[in-house]
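Enquirer: I have a structure I would like to understand better, so I am pasting it below and will then ask my questions one at a time.
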């Protein structure tokens, strides 16, 4: 089984660039592993091994500690998701074009890792499932939102969001 490699201290990695990344599960000598793909959000085929389909995984970043953005606390942790009705919430406020494209590429029933970033102990803290296809992020039109984008138009929105459920 391949051993995970440690990233040298100070090295830039996926949690530093504000982007979601696709993870693909594959079989290796009978044991499951995960591989990060820094690819475009084009549809990738699902690997088949021994007649079984293996899933794609996404990495969804969130900041679990308080941070003010335009006077609004944008903190959202796994505990906040657990407190939501049916443990379901929308993933809004994404303002990075590549991450937005990844959001749009996500399909129903695909799984995502909930990743705490920009905190004392960053890392994967849970597993979620996509429960709604991409739709316009309403916060881009709300002037009092820290995610407001005056260049985005309601008839041609720039930004998307997803709905996810914890499991």
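Using the three backbone atoms N, Cα and C, a Cβ is placed for every residue, glycine included.
Heads up, here are the entries from TrEMBL:
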type     : residues : note
COMPBIAS : 18-28    : compositional bias 'Basic and acidic residues'
COMPBIAS : 36-45    : compositional bias 'Polar residues'
DOMAIN   : 56-162   : domain 'EVE'
REGION   : 1-45     : region 'Disordered'
Enquirer: Tell me, roughly as an integer, the mean pLDDT over the domain 'EVE' (56-162).
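Expert: Across the residues of the domain 'EVE' (56-162) the model's pLDDT averages 95 on the 0 to 100 scale.
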Enquirer: How does the domain 'EVE' (56-162) divide up by DSSP, counting helix, then strand, then coil residues?
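Expert: Its residues divide into 22 helix, 40 strand, 45 coil.
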